[in-house]
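Novice: Copied straight from TrEMBL:
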type: DOMAIN; residues: 4-62; note: domain 'Tudor'
type: REGION; residues: 52-109; note: region 'Disordered'
type: COMPBIAS; residues: 66-75; note: compositional bias 'Low complexity'
type: COMPBIAS; residues: 76-95; note: compositional bias 'Basic residues'
type: COMPBIAS; residues: 99-109; note: compositional bias 'Basic and acidic residues'
type: TRANSMEM; residues: 206-228; note: transmembrane segment
type: TRANSMEM; residues: 253-272; note: transmembrane segment
type: TRANSMEM; residues: 293-312; note: transmembrane segment
type: TRANSMEM; residues: 324-343; note: transmembrane segment
type: TRANSMEM; residues: 454-474; note: transmembrane segment
type: TRANSMEM; residues: 480-499; note: transmembrane segment
type: TRANSMEM; residues: 520-541; note: transmembrane segment
type: TRANSMEM; residues: 561-580; note: transmembrane segment
Amino acid sequence: MPNRRFADGEVVMGRWPGSVLYYEVQVTSYDDVSHLYTVKYKDGTELELKESDIRSQSSFRHRKSQSSSSSPSRRSTSRSRSRSPGRPAKGRRRSSSQSREHKDDKKKTIQETNVALLVLVLFKPSENNTRRYNGEPESTERNDTSRLILEQKLKPDLETERVLEQYSLRPRKEEKKKEEIYSEKKIFETIKTIEKASSKTKELEFGGRIGTFMLIFFLPATVFYLLLMCKQDDPSLMNFPPPLPALESLWEARVFGVFLLWFFLQALFYLLPVGKVVEGLPLSNGRKLHYRINGFYAFVLTAAAIGTLLYFEFELHYLYDHFMQFAVSAAAFSMGLSIYLYIRSLKAPEEELAPGGNSGYFVYDFFTGHELNPRIGSFDLKYFCELRPGLIGWVVINLAMLLAEMKIHNQSMPSLSMILVNSFQLLYVVDALWNEEAILTTMDITHDGFGFMLAFGDLVWVPFVYSLQAFYLVGHPTAISWPVAAAITILNCIGYYIFRSANSQKNSFRRNPADPKLAYLKFIPTATGKGLLVTGWWGFVRHPNYLGDIIMALAWSLPCGFNHILPYFYVIYFICLLVHREARDEHHCKQKYGLAWERYCQRVPYRIFPYIY
């Protein structure tokens, strides 16, 4: 077993993970099993580093002394030689030649030193950075400070370069200024290149380029397969594949026109000057976008419009009769929207690109979304699609299925199963629209770009897959007793209570951790300025909102009975989705919070299911 090289309490230079930059750190402990050093940076961040990522301070000081030892002698030499007009011409030529070589070497050293210095200034974690409780630094203030330091650091080196000009007996001021400007310009260009490289997405999700390419085709195929199976008399897995309809029957211009009318009607409701305007979380450049919170008003106006259509005896079950065609129209529209989003993102500034969709690979960025917040004026495309056309459309589709069931089976009242499914999912949608402001802190808004993944998910997957239970019940009616209905209702209420109370705790704590109403909550402080809740629902499991989601999804499927597994696809999908999200959250939180996250995981060992997972 190799001996440890650095002792506890020793001040050394540690490499920042994912970069080539070294910062001053203090060794706090050493693990003999993993051979990792626990080090503490000046800003309080604690990380575990390999021995190969740690160097002694003497090696850095030695380099620094070497780079600066020759400067005084050169300056004195330049002064003595420039003030000797009586020197022979031959010697003068030799001195001039040598001085040019020295000057070129010195200028190269100055530029390299300045670039290294600027990288440290711009990217080193600062002790004095003002941070909010949401963990975001005040980027604008930090950049201004960095520029000020930059100007102060450049001045001495440029003075040295001016002194080196004295080697020449005939200094030319114009050339000297041009060289200085060129030197500064080159340094700034180097910094911009480094900043651009550092903002690239390093870790690819969903299987990388190959996985996202396959998902672009797999997701639409899954939606169409589920809808075709629901239409079968026996939708069991043994009947795979279902009979495919004729291609010409999948498209109808009138259906596509109705879909466009729906989309732009919701866009009109979004633009109405009703509801409050709130600020989102700070972006990477410190700017905050404004959002109008009027989703619930849009839902009320939509309900009034649908009620008017039903009053004039509009056949809403038209949606059921052309359900597959509506799904194809929505998929085609989402693909066209995704292409538009990617093309416009190519002209977006670097700071407006999504952290998770800036890999440089066309397929991956197209799928995950290249631009973080694409807007047309004040119209935020991602925020609009997140809650409006798909989520409200889900409720309208469920209502259409309820009316279709009554018409097809000649019922004066919908079945108890259909009423439960409609009621449970209506509650979920109304809750999302009522608490619309909470979505501004989710990863969909703060991290993920707007590309095919969200466009297809919002416009196709949500309305046509989430309504699968109601669509299934039209062709496969299931009778349940009142006691069973009561038990399912209680299960849904439990899931909803966990989901809503957990999200409310999290959002309130993020907005104002000092709120007296939250004084009972305990948390673990982190180096980012945020706190990790260890009481309440977040002290029960790490993702209690996911637990509530899964319980509600099960309650939505139980009214469909147990004859087929198809209605439970949503539960299986939801569990897989949330496990993937949980793994992604774990990875991001471990990187962001370091040892504080490890302490949190020790306090809260279960991820989603208590005593199970």
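Glycine residues also receive a Cβ, built from the backbone N, Cα and C atoms like all the rest.
No curator has checked TrEMBL annotations; they are predicted automatically.
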Novice: Sort out the residues at least 6 away from either end of the transmembrane segment (480-499), same chain, that have Cβ-Cβ distances under 8 Å to it, and list them.
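Specialist: Long-range Cβ neighbours of the transmembrane segment (480-499): 416-417, 420, 424, 427-428, 431, 537, 544-545, 547-556, 558-559, 561.
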Novice: Using Cβ atoms and a strict cutoff of less than 8 Å, what residues sit near the transmembrane segment (324-343) while being 6 or more residues removed from its termini?
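Specialist: For the transmembrane segment (324-343), the list is 220, 223-224, 227-228, 231, 245, 249-252, 255-256, 258-260, 263, 365-366, 369-371, 374, 381, 450-452, 455-456, 458-460, 463-464.
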Novice: What else in the chain is close to the transmembrane segment (206-228), if you only count residues 6 or more beyond its ends and a Cβ gap under 8 Å?
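Specialist: Sequence-remote neighbours of the transmembrane segment (206-228) are 241-245, 323-324, 327-328, 331, 361, 363-364, 366-368, 452-453, 456, 460-461, 464-465, 468, 471, 566, 569.
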Novice: In terms of Cβ proximity under 8 Å, which residues at least six beyond the ends of the transmembrane segment (520-541) contact it?
Specialist: 43-46, 131-135, 498, 501-502, 505-506, 509, 513, 547, 592-594, 596-597, 599-600, 603-604, 606-610
Novice: Pull the DSSP breakdown for the domain 'Tudor' (4-62) and write it out as helix, strand, coil residue counts.
Specialist: 9 helix, 28 strand, 22 coil
